[in-house]
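Student: Quick one: this structure, given as structure tokens, is what I'll be asking you about.
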Amino acid sequence: MSETVKVPTMAEYMAEGKKPEVLFWVGCAGSFDDRAKKITKAFVKLLHNARVDFAVLGTEESCTGDPAKRAGNEFLFQMQAVTNIEVMNAYEIKKVVTACPHCFNTLKNEYPSLGGDYEVMHHTQFLKSLLDEGRLTVEGGKFKGKRITFHDPCYLGRANNVYEAPRDLLKKLEVELIEMKRCKRNGLCCGAGGAQMFKEPEPGNKDVNIERTEDALETKPDIIAAGCPFCNTMMTDGVKNKEKEDSIEVMDVAELIANAQDL
Amino acid sequence: MQYIPNILFVIALVAGIGYFTRNIRKVIRNIRLGKDVDRSDNKGERFKNMAMIAFGQSKMVRRPIAGVLHVIVYLGFIIINIEVLEIIIDGIFGTHRIFGFLGGFYNFLIASFEILALLVLVSVIIFWIRRNVINIRRFKTLKGWPKNDGNIILYFEVVLMTLFLTMNAADLQLQELGADHYIKAGSYPVSQFISPLFNGMSEGSLVLLERGAWWLHILGILVFLNYLYFSKHLHILLAFPNTYYGDLKPQGEFDNLEAVTNEVKLMMDPSADPFATPAGDEPEGEPEKFGASDVMDLNWAQLLNAYTCTECGRCTSECPANQTGKKLSPRKIMMDTRDRLKEVGDNIDKNGSFVDDGKQLLNDYITAEELWACTSCNACVEACPVSISPLSIIIDMRRYLVMEQSAAPSDLNNMMSNIENNGAPWPFNQMDRLNWSNE
Ligand code: SF4
Ligand code: SF4
């Protein structure tokens, strides 16, 4: 990561007796997956540029337990949740932002009844709020006029009814936003949710990500925009499968904004 | 002697309603076999949902063709049944068109019934064509009883509407002949075109025709009422409670199992008193079963869902797993749950209480392969016109597979042991979690 951007941890803040404005929950994909790490970095640059006082948990962060819960392992999920809540409550966290809709959903909906009550935002919502407050500028730059289609992540869209924040940001990029035939509440899954990311699919006649990539390709996009590291992987694989990786990029909304500003 | 029709009518009415009540009680008893779940909160929002989704059919019309036709049949059905009130009074007291004295308003009512009856007939015919002629996958994939059930109800509607219009047409002829007992009442915008078919018939034959149609119509309605119990058409009643008791949480939120919370607390907090009675109503000695392998392990709202399912297949047609050829079909999850619940209910009827029949919902009805194909995307929940969640049953059954049987696919077991050991679903060290920041 470029030297100018420092990523402070909660422990460092605590040592200085300070509290950040928001905790950036990086998530497992954002921490370890090579593709997702780029999204993490892009988002951090945007936070830094908007002078957001943020911190991460770093080595004190652990999986939210989402994949375990969707796989049916409620024990493991609750063990993870209780551990994470203990850490966050010790730091008196009030507000959390994350670039992963699965972390977002779990932290926002499933942690409160276990003692973890925070204001949780998806990074597209957070960026939108920065934009509204005039702390963030979003401009087209090199994406101006490009054809972009947005793939709704299930855990952001249907699961939590967030459809507009990512679209509002994309519109600000002055791109040509084209909707797929199945979008918003009718959006088709990329195939990764419910712990499918971590296993082979059941026998069938097609992979879900191929079906979804075909939806996206129908819009003849220059770029497929995503808001989830897992969707990103699935769509990237889909585009490769269709041998279109030279002409179509799959990018996170945060990457698009950061790249437009050459951050 | 002259009271024989009245007596026969009352007997038919009592028998019809009696048998129906008996079966509905069975439905309620079977639903109560489910575990408790609190759905007594947010009454205002629940009423609103019921008004919008069940009464207002707001989710039906998301598919405009089927939606509008369904609204016509539904409204027609409800409104025409006002006529049944008159039929019942006439039947008991031997009167004829007792509400005729309402004059102009009566004419208006009868005229609306007739127009609606015609619209229902047309809609039902289109429905039949959609089901049987046009290649619509969600209907084509239905076989056996569910397929017949869908058609039988359409035939029922055709017969009932035809009888209603025939009855009116014959009545109109009799009114014009000035026949005894047939008072001049009503206006007949549709049956006036059927009536000429009966020109030249004697008064006696006309009375026979009118009475025949009248009797078959009301008997048909009673048979229809009793048919509901055996059919997906139970939804015309259960859609109301089902939308009222629907899940109000965000679709992405899965419930946190309380029994697990109690155990996790004990594990995390060594000072906790292991003998303190947990908040749950755990029966003594018997450890709580995690997840669901049979219908009794589901909650009553899920069982109500199963009885409410209209088998329309909107869920399955939106399901990514199903669309890509996997075995999973959320409609089948609901139909299997209902079939198994019915089987358990019949078992109780026969034996007084449930006697183990060596079967269960898992494996005998729903296979693990189906359960593992779900992406938990909520498309099925979003698509369902009557607020059913097939996903919640899938997750409860996965919980049983994983927590009671350790029967997850091996890839998932790897993922879970990674989370347990490293705090991430992949084999990376938790201490490396911030490495990205200086890469
Ligand atoms: S939640 Fe599961 S069953 Fe429902 S539509 Fe999605 S994949 Fe299919
Ligand atoms: S669950 Fe809902 S959408 Fe699916 S078949 Fe039943 S009624 Fe139709």
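Each Cβ is built from the backbone N, Cα and C atoms, and glycine gets one as well.
So TrEMBL has the following annotated:
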DOMAIN    B:300-331  domain '4Fe-4S ferredoxin-type'
DOMAIN    B:364-394  domain '4Fe-4S ferredoxin-type'
TRANSMEM  B:6-24  transmembrane segment
TRANSMEM  B:68-93  transmembrane segment
TRANSMEM  B:105-129  transmembrane segment
TRANSMEM  B:150-170  transmembrane segment
TRANSMEM  B:212-230  transmembrane segment
Student: Would you mind listing the long-range same-chain contacts of the transmembrane segment (B:105-129), meaning Cβ under 8 Å and 6+ residues beyond its ends?
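Tutor: Long-range Cβ neighbours of the transmembrane segment (B:105-129): 69-70, 72-73, 75-77, 79-80, 82-83, 97, 99, 151, 154, 157-158, 161-162, 164-165, 168, 185-191.
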Student: May I ask for the residues of the chain that lie six or more residues beyond the transmembrane segment (B:212-230) and have a Cβ under 8 Å from a Cβ within it?
Tutor: 9, 12-13, 15-17, 19-20, 23-24, 26-27, 81, 84, 87-88, 91, 149, 152-153, 156, 159-160, 163-164, 166-167, 170, 236-237
Student: Treating G and I as helix alongside H, and B as strand alongside E, what does DSSP give for the domain '4Fe-4S ferredoxin-type' (B:364-394) in helix, strand and coil?
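Tutor: Counting residues per DSSP class in the domain '4Fe-4S ferredoxin-type' (B:364-394), I get 15 helix, 1 strand, 15 coil.
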Student: Report, as numbers and ranges, which residues of the same chain sit near the domain '4Fe-4S ferredoxin-type' (B:300-331): CB under 8 Å and 6 or more residues beyond its ends.
Tutor: 27, 30-37, 39, 63, 137-139, 141-142, 146, 149-150, 232-235, 238-239, 241-242, 245-247, 337-338, 341, 367, 369-371, 373-375, 377, 379-386, 388-394, 396
Student: Cβ under 8 Å to the transmembrane segment (B:6-24), counting only same-chain residues 6 or more beyond its ends: which ones?
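Tutor: Distal contacts: 88, 91-94, 218-219, 222-223, 225-226, 228-229.
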Student: In the domain '4Fe-4S ferredoxin-type' (B:300-331), how many residues does DSSP put in helix, strand and coil?
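Tutor: Looking at the domain '4Fe-4S ferredoxin-type' (B:300-331) with DSSP, the answer is 20 helix, 0 strand, 12 coil.
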